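Some notes on the structure that comes next.
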Amino acid sequence: RIMRPDDANIAGNVHGGTILKMIEEAGAIISTRHCNSQAGEPCVAALARVERTDFLSPMCIGEVANVSAEITYTSRHSVEVQVNVMSENILTGAKKVTNKATLWYVPLSLKNVNKVVEVPPIQYARKEQEDEGRKRYEEQKLDRLETKQRNGDVILPVINPEPHTVGYSQSSLIHLVGPSDCTLLGFVHGGVTMKLMDEVAGIVAARHCKTNIVTASVDAINFHEKIKKGCVITVSGRMTFTSNKSMEIEVFVDADPFVDEPRERYRAVSAFFTYVSLSKEGKPLPVPQLL
């Protein structure tokens with residue numbers, strides 16, 4: 001689809017969150033199609049994890065984004081999807097790769113959202129492809145478990161923080177989950193969550209350096225638990241590290257299921273975003289040191 005002004009920041013660069021949302025939509029479509037390709041229980045693919053993705057080049061207003069997805073591995077209960085994003089300048093015909101991403105999906109039954117159904121196997125061109133996929137599957141499984149175990153942090157407000165400290169730029173966004181945010185099962189689309197996370201990370205980066213900023217990369221995004229329609233989610237971000245030219249920002253999503261739910265707030269998603277600061281000409285600028 002063509003990139004429009006509401007997809008971009010004030011400098012005309014497309015938001016990283018917009019691209020992440022398109023990537024997730026492509027992954028969800030191909031995973032759900034595959035998981036329903038054989039006779040069995042109807043299901044919808046839910047996003048469980050996004051591996052690190054780099055933003056290789058910026059995309060601008062007026063360019064056409066072409067997102068393509070391919071299933072590269074299936075386990076008994078999960079699907080690995082590789083997604084590529086190309087941008088095309090329709091005036092010159094020039095094309096460039098902007099993103100490559102790997103996503104993991106889990107198929108949930110339409111009749112019982114807590115039931116994970118079995119995934120139809122795919123045919124591999126070579127035995128090595130299956131072995132490599134199984135290795136990636138085991139690695140991401142371990143990493144997700146480790147990330148979930150260290151997810152107890154919270155962000156507390158700081159009174160009169162000094163410039164360039166963590167408290168000075170930390171930011172939060174509160175969002176009520178509505179029907180338009182959700183899948184057929186009534187749970188939030190992974191792409192919607194990632195878009196909100198990128199917005200918060202961008203605010204943190206802009207507050208820290210007071211310049212135009214763009215998403216450079218996203219480390220693994222782990223979806224620990226589903227977020228139901230009617231929940232209030234709090235997306236929180238804080239600066240964790242700066243180098244001369246980049247900023248690392250931790251972002252996590254907490255959910256409050258206060259509508260007809262006795263459950264307490266829980267950590268639903270976590271990730272690290274990396275941003276760079278750009279001049280008006282699009283050149284990298286030095287980043288103020290984090291105190």
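Glycine is treated like the rest: Cβ placed from N, Cα and C.
When DSSP labels each residue, the domain 'HotDog ACOT-type' (1-111) comes out as 23 helix, 52 strand, 36 coil, counted as helix, strand and coil in that order. Per TrEMBL, domain 'HotDog ACOT-type' is recorded for 1-111 (among others).
Over all protein chains present, the Cβ of Asn9 (active site) has 16 other Cβ atoms lying within 10 Å. Marked as active site by TrEMBL: Asn9 (among others).
Feature annotation from TrEMBL assigns domain 'HotDog ACOT-type' to 167-281 (among others). Here the domain 'HotDog ACOT-type' (167-281) is broken down by DSSP into helix, strand and coil counts: 26 helix, 55 strand, 34 coil.
Residues or ranges marked as active site in TrEMBL: Asp198 (among others). Less than 8 angstroms from the CB of Asp198 (active site) sit His15, Gly16, Gly17, Leu20, Thr215, Val218, Phe273, each of them six or more residues away in the same chain.
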